[in-house]
Structure formats: structure tokens, C-alpha cells
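Undergrad: Can you read through this structure? Questions will come right after.
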Amino acid sequence: MTKTKIMGILNVTPDSFSDGGKFNNVESAINRVKAMIDEGADIIDVGGVSMRPGHEMVSLEEEMNRVLPVVEAIVGFDVKISVDTFRSEVAEACLKLGVDMINDQWAGLYDHRMFQIVAKYDAEIILMHNGNGNRDEPVVEEMLTSLLAQAHQAKIAGIPSNKIWLDPGIGFAKTRNEEAEVMARLDELVATEYPVLLATSRKRFTKKMMGYDTTPVERDEVTAATTAYGIMKGVRAVRVHNVELNAKLAKGIDFLKENENARHNLS
């Protein structure tokens with residue numbers, strides 16, 4: 001049975017929109033990682049820069065100081081480690097420590113050395129769709145064009161296709177209506193040769209789905225609905241805050257999909 005990968009979010013920042021300040025010391029971060037592993041996480045995604053709306057950019061030195069001690073403490077755990085960064089210097093420092101994956105929220109567009117660094121360490125990379133929101137073509141077409149172009153550049157740099165993930169970038173450079181369009185057409189991204197990761201957890205899109213004002217934590221069940229929808233559309237991984245809820249749901253959806261496929265093969 002094909003298992004949907006669960007990526008647990010570990011923000012080691014003071015200002016992330018959902019859990020800023022909770023895990024920005026090594027001891028609390030270690031405890032959170034252990035809990036997420038027990039809850040079913042396949043990947044831990046460590047981020048040292050908040051990308052919430054209105055965030056302030058932190059220096060390279062500050063990002064290093066936030067991320068490296070945590071990565072060094074958890075890299076030996078029995079789980080894949082990803083680092084959420086768009087800076088090749090941070091990526092290389094973490095890859096030297098043994099992380100498995102870089103989650104680049106600018107898909108190599110911010111730092112053109114990123115692909116060479118990831119290829120050098122034979123690691124995986126996630127390319128997330130981003131931008132300034134100004135586009136000359138419909139959102140899905142622009143997303144596909146941009147991500148496939150960057151994936152091609154990643155391959156030229158030496159990263160094999162099976163180590164390149166695509167993320168449609170829900171919550172970034174899109175209106176709520178554009179995000180709904182992207183969700184409805186996820187299968188077009190899945191139809192590419194690359195595995196797809198979906199990251200909707202507690203974002204404003206899930207608030208819109210609720211139809212009324214909510215705190216980020218109150219959006220977990222609706223996040224799980226997007227997980228189920230994404231898996232049915234063919235995504236291979238989901239990036240979430242509430243690992244236990246989404247891991248259980250993904251296990252159930254995976255089973256039902258496998259059962260459906262088996263019945264089709266018999267007919």
C-alpha cells in the first residue's frame with residue numbers, strides 16, 4: 001500500500017502564526033519532535049524564519065542560530081529531517097549535519113546556488129510556488145509553468161526527478177479564490193512526473209472554509225479535510241501541525257484507496 005507521508009512542522013521561531021515561541025529552544029524542540037514521531041510523523045520540517053503575512057526578514061546569522069542547534073540535536077532520530085529555508089548557506093550547513101531534505105519556499109528563485117548545494121549532498125528538495133501575486137496568466141497555468149521550469153533547473157543541477165517535490169503554495173501569492181482554484185485542480189500538478197506535497201495546515205484558506213473567525217488551532221479538523229481531499233487527488237505528502245489527527249486520517253484514506261484500486265484490478 002502506498003503510504004501518504006506526514007511532515008510534522010517544527011517552527012523554531014518566536015513569531016510563526018500558529019506556534020511561534022513554543023519550540024524555539026533545543027529542549028522544547030526535542031520534546032516536540034519525539035511527540036510527533038510517536039504520533040506518526042515520517043518527516044520533521046524545521047523552520048527558522050516565519051513566513052506568515054507581514055513577517056519581518058531575519059538575518060542569515062539569526063536563522064543559523066535558530067536552526068542549527070535544533071538540527072544537530074535531532075538529526076540522529078529515526079525520522080527524515082527537512083529544513084525549511086530559501087538560503088543556500090543555511091541549507092549547506094544543515095546538509096553537512098545530515099538532514100535529508102530542503103524545503104525551499106522560493107523554489108530556487110531567491111538563491112540560485114540552492115540546487116547545486118542540494119545536488120552536492122544528494123538530498124531531496126521541495127519546490128514551493130510563490131511570487132508577488134502579479135501574473136499574466138491564470139493561477140494554475142502560471143503555477144505549473146513556474147514550478148516545472150524550476151524543477152527542470154534542479155535536474156540540470158544534478159537533482160534526480162524522484163528527489164524533487166512540488167508544493168502548490170497555498171497561502172502564498174494567491175487570493176482565496178485562486179487558492180480554491182488550485183485545490184480544485186491539484187490533479188494537474190499530480191499529473192507531472194514529480195511527487196506533490198500539500199501544505200494547508202491552519203492557514204487562512206482553512207479559515208475561509210470554516211466560514212467564520214477561528215484561531216489557528218481551531219482549524220485542525222478542516223485542515224484534515226484538505227488532507228483527505230489532497231490524498232484523493234493524488235498528493236504524496238502533507239505538511240501539518242497536528243500530526244496525530246492527519247496521520248490517522250491519511251492511514252484511513254490510504255486504505256480505502258488501496259481497496260478501491262484492488263477491486264478495479266479484479267474487475
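A Cβ is built for glycine as well, from the same backbone N, Cα and C atoms used for every other residue.
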Undergrad: From ASP42, ASP136, ASP167, grab the residue that Swiss-Prot records in the same (7,8-dihydropterin-6-yl)methyl diphosphate site as ASP84, ASN103, LYS203, ARG239, VAL240, HIS241.
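TA: The one candidate that Swiss-Prot places in that (7,8-dihydropterin-6-yl)methyl diphosphate site: ASP167.
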Undergrad: With a radius of 8 angstroms around the mean position of the C-beta atoms of ASP84, ASN103, ASP167, LYS203, ARG239, VAL240, HIS241, what other residues of the same chain does the (7,8-dihydropterin-6-yl)methyl diphosphate site pick up?
TA: MET7, ILE9, ASP45, LEU197, ALA199, SER201
Undergrad: Work through the binding-site residues one by one (LYS203, ARG239) and point out the residue whose CB has the fewest other CB atoms within 10 angstroms.
TA: LYS203
